[in-house]
C-alpha cells in the first residue's frame, strides 16, 4: 500500500555525485521558491489533531509497511470514509504527507484529506480520506476498452499536472495508488506518503517508488531527479494496460529491473544517458546488462491486446518511456497528444 524512503547508505552509492550534470525540469522548476517556506517547510508546521470520536471502523481494506487502511463511517454524517491508521514513523514524514495533502486539496482527481485525528490514549495518528468505491486493478484493467483507457490515463495526467504545478512530485505512482470507481467514472490518486516538494538542484533519495515503476534515474542512483520521474511510472502503467502485461517491466531486484528496461529500450540509449550525465555503471551491471537493440512496441502485440494498440499509443509510450528524464513528455504535453483527441473533443 505504502512504503517509505530508507535512509541512504553512502557505501551503496553507485557513483560519486560530484561533477554531475544537472538540468532543470522544463516546467514548474521555481514553484516552491515563488511560494515561499510557509508553503513547503513542513518540518515547522504545527498540526491540529482532532479526536476520532466521529469515526467508526467498518472493515480492513489494505495495509502497508507504515499504515493500515480501513473503510470507515462518519457517525455524524453517515458518510463512508477511508481511515489510514499510521504505524510508528518519524513525525517529519507524517507532517510532510499532511502538508502536501493540504496543499493539493481541491485539485483534480487528488484524493481528499477530510480530517486528521489522534487517539487521546494511544496517541496513534490517523488520516481520514474520502471514500472511493474502487475495483481492484487486477480485475478492472483486463476489462477496459480503449476509450476507458484513454479516459483514465487522461484523468491521471490531469492529477499529475496539477500536482507538479504545485511544486510536488508523487514518487510512487502505480496501479495500487490509483483508485477507480468504474461505475461513476471517478479516478483518485492516493498515497502521498512518498511525495516530496521539488527544489532545483536538490539531491533526493532514490529509495522511493515501487520497483516495477521506478524510473532509470532511481536505478542508477541519479539523485538530482525531478517531476519527470512520475511520467515514467505512468508510462509503465499505460504499457502494462495496453499490452496486457502487468507489470510491464518485471525485474527481480533493482539491478534486474534496469536489465528488463534495457531489453526493451536498448542499451545504446542507456549508454548515451550515462555519458551525458557523467554516470558510471555499478560493477554489478557489467556482467548482467549485455547489449540489446531497441525493440519495437509491435513485438508486444498479440491477439488478446491488438484491439488496444495504435500508432498513437505507441508514439505516446515512446515519449514517456525515455531514459533521459529531461527528454520525457510532461503531463501537460501528454494531455495534448493525439492519443487523447476524442477525450478532449468530448470534454469541450
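Positions of Cβ are set from backbone N, Cα and C atoms, glycine also.
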>> Quick check: of 48, 84, 90, which does Swiss-Prot put in the same ATP site as 61, 62, 63, 64, 65, 66, 67, 68, 69?
In response: 84
> Measuring Cα to Cα, how many angstrom lie between residue 61 (ATP binding site) and residue 172 (active site, proton acceptor)?
Replying inline: 19
> When neighbour density is defined as the number of other C-beta atoms within 10 angstroms of a residue's C-beta, which of the binding-site residues 65, 69 has the lowest density?
Replying inline: 65
> Rounded to an integer, what is the Cα-Cα distance in Å between residue 172 (active site, proton acceptor) and residue 63 (ATP binding site)?
Replying inline: 16
